[in-house]
């Protein structure tokens, strides 16, 4: 499909009750489901949470569309499925990958998905599946994910995400979130694209509580952007693909499913520029817990325990006195999947490059490599700015099982443990 070059418009805020109409008066006034909707549209509700959730937790959007979503033939299971569907046995070993190679054959967003790891089947209301995407052509079909909410983290190439509620344009250093069940199409603006995805099977992502930080800081609500209504009135045949319990199913439509003329609600897609994150850090000593870098979180029923946290390590000043400044050596209850969008990560002098990834599972010891450690111990502790960098982490409370495909890819580094092998004992009981 041809890309529409019309400049995109957005609405600002997080968790708002938004409304938008592409034609004047398309939104009903004072009710959701009138006997006759304006312009001959059909009213349809998209529920992102159960009806009886607390009002503060409820997610739903009313859509006013040209053709109801219910008008479709039976779905058929596709022969080509997502790579990495088969999970391997759990491993406590630390894993790291080089950037995955971009495809040589024409590959759209769906065909270029590789599941890296997961910790829950799609029929459970908790857990996360982690993917990388590799593409070199725009989608000519539409897709929705019945298994979870999608958090997209581009690393290479700009994307235009054409959704039922409007279009989002995202580039590396921005993220996008698409609600469970929302139909969309991915168009490539730069020819090739690579990035990461967290498929959240649990509670919808929200901003973390700030506690003693106060009422401002980290990701500020006004910097999240939601699209305005934008519809396609096309009667050309089109394939609609859905992901259902981990498998791809498809049917053929006689119209575009991106035909929503007006809508209102809070179950919406959105984007966020990571460069607007208000980074918090120490101005005295020690390295605070990395939870201070949390952008979004999906909570569990246990207070403070996340189903998934999305954490970034952005450009920042390091000023701590008498302190080992890199992230410390660590054994964590949580499971950490990391990626790198640009630059270098301050705990790894080499081997972890943009487009790469790593997985440190529950209680797997990790921390700065030997070179980074030696430099930090000997460093002159002047104020130092870590610049031109953006690493991130998907942190989850359930153990991640890598996929068989992720363990068999040539990008897997078989010598990852070697980065700590040259750490030597400097213990001297005679000298404090």
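Glycine too: its Cβ is placed from the backbone N, Cα and C atoms.
Annotated in Swiss-Prot:
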- 287: active site, proton acceptor (ACT_SITE)
- 330, 336, 366: Fe cation binding site (BINDING)
- 345, 366: homogentisate binding site (BINDING)
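Residue pair residue 287 (active site, proton acceptor) / residue 330 (Fe cation binding site) shows a Cα separation of 12 Å. One way to see the shell of the Fe cation site is to take the Cβ centroid of 330, 336, 366; the remaining same-chain residues with a Cβ within 8 Å of it are 327, 331, 332, 360, 364, 365, 367.
The separation of residue 345 (homogentisate binding site) from residue 366 (Fe cation binding site), Cα to Cα, is 14 Å. The 10 Å shell around the Cβ of residue 345 (homogentisate binding site) contains 25 further Cβ atoms across the protein chains shown. Counting only residues at least six positions away in the same chain, the Cβ atoms of 365, 366, 367 sit under 8 Å from the Cβ of residue 330 (Fe cation binding site).
Using a 10 Å Cβ-Cβ cutoff, residue 336 (Fe cation binding site) registers 22 neighbours.
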